[in-house]
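Asker: Take a look at the following structure, please.
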Amino acid sequence: MTTAFYPGSFDPMTNGHLDVLVQALNVASKVIVAIGIHPGKKPLFSFEERAELINRSLADALPKKAADISVVSFDNLVVDAARKHGASLLVRGLRDGTDLDYEMQMAGMNRQMAPDIQTLFLPAGTASRPITATLVRQIASMGGNVSAFVPPAVLEALTGKLKDPAK
């Protein structure tokens, strides 16, 4: 049984994240979606909200795979968090050459620290290649339609959050 660790901020989860997760489930028997907690950053959604949105999105998109996916948080090195959860694969999605350059450096450093954990690069599909959570937040905050870029649960939460920032 192979366990994959898919780290990210997922603020919010996008269709690009979902695309990579579906691919990861074709390679690993279990995938841990790991939300990184960075004390210096102010996310739009709290950890609890992001975890709920991920779980709702997965229940809608992949109902038969729900038991194979778990959502956790981490605030330490990715390789240490992956090891703690018994993962032997780190999943990284790639949109373009810029992502590849950055991820190759990270994979090299991770391999030095944890040679027992392999990095698996998964290319984004054509439809999800331009999507970033940052752009989704920017477009949504300016009143743009992001329905093509995020799962329905995320769209609903984004709409509510941006209409009432206290949520």
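Every residue gets a Cβ built from N, Cα and C, even glycine.
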Asker: Have a look through HIS17, HIS85 and flag the one Swiss-Prot assigns to the ATP site that SER9, PHE10, GLY93, LEU94, ARG95, GLU103, SER128, ARG129, PRO130, ILE131, THR132, ALA133, THR134 belong to.
Answerer: HIS17
Asker: List the residues of the same chain that sit at least 6 positions away from SER9 (ATP binding site) in sequence and have their Cβ under 8 Å from its Cβ, in sequence order, or write 'none'.
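Answerer: Sequence-distant Cβ neighbours: ILE35, GLY36, HIS38, LYS41, PRO43, ARG50, ALA133.
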Asker: Counting across all protein chains present, how many other Cβ atoms fall within 10 Å of the Cβ of ALA133 (ATP binding site)?
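Answerer: Counting Cβ neighbours of ALA133 (ATP binding site) within 10 Å gives 22.
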Asker: By the count of other Cβ atoms within 10 Å, pick out the sparsest of the binding-site residues VAL78, LEU94, ILE131.
Answerer: LEU94
Asker: Reduce the DSSP letter at ALA133 (ATP binding site) to three states and note it down.
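Answerer: Looking at the DSSP assignment, ALA133 (ATP binding site) belongs to a helix.
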Asker: Have a look at the binding-site residues HIS17, LEU94, GLU103, ARG129, ILE131 and say which one has the shortest Cα distance to VAL78 (substrate binding site).
Answerer: GLU103
